[in-house]
């Protein structure tokens, strides 16, 4: 099939066979796994996944690709959901779900936050993303890439940077490097928040002006007495605080 990549869907099709094999090996699909692929494109990962799985689910928004897949793969092996991944309820497929995908780079962060809402149904996730986004996902405190995305994902997920992928592995070639990442939800949260919505608001406020100190960004939420009780220096910036520190602030305010 000759398919012209559609910019509005952020399409870049993976074509490098050696890299595809490396990704499949990292995912390590087992025959009985319940797996869903987001944005299968022209089947670069779909075909090798189907060779190892009894059945595969895919979520695809492009009607041309859906039509091609319907004529290319047997229905008893592949279930196609014609849907926007940002609106899709992944929990409707299974409570023990493995998620994979070459995510559209233009909506990758919203998809990641949407998947956080589906984490109770997910065993693990493997994604191809813009390298800069993966670096933010796995970033440690006090590093340049560390931010809101790092904190909110690392609160729920163990993150692992697996592989850097060059632009020439895709058609069309993106203007940036890509990377493959593994995200595994914690079965027991290492630092549970009493109020996760409050945690989200605190993290958003703290990073809204990342060059300002916590005393300024959390003004009206936490005073010097609160900082002292938590043992947190109010002169620090958000980028200096580990996820556990933000949870401590949220739990102090929720008490």
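Even glycines carry a Cβ here, placed using N, Cα and C.
Features of the protein shown, as given by Swiss-Prot:
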- 12, 14, 39, 60, 84, 102: S-adenosyl-L-methionine binding site (BINDING)
>> At a 10 A cut-off on CB-CB distances, which of the binding-site residues 60, 84 has the highest count?
In response: 60
>> Taking DSSP as the reference, which of helix, strand or coil describes residue 102 (S-adenosyl-L-methionine binding site)?
In response: strand
> Which one of these binding-site residues, 12, 102, has the sparsest Cβ neighbourhood, judged by other Cβ atoms within 10 angstroms?
Replying inline: 12
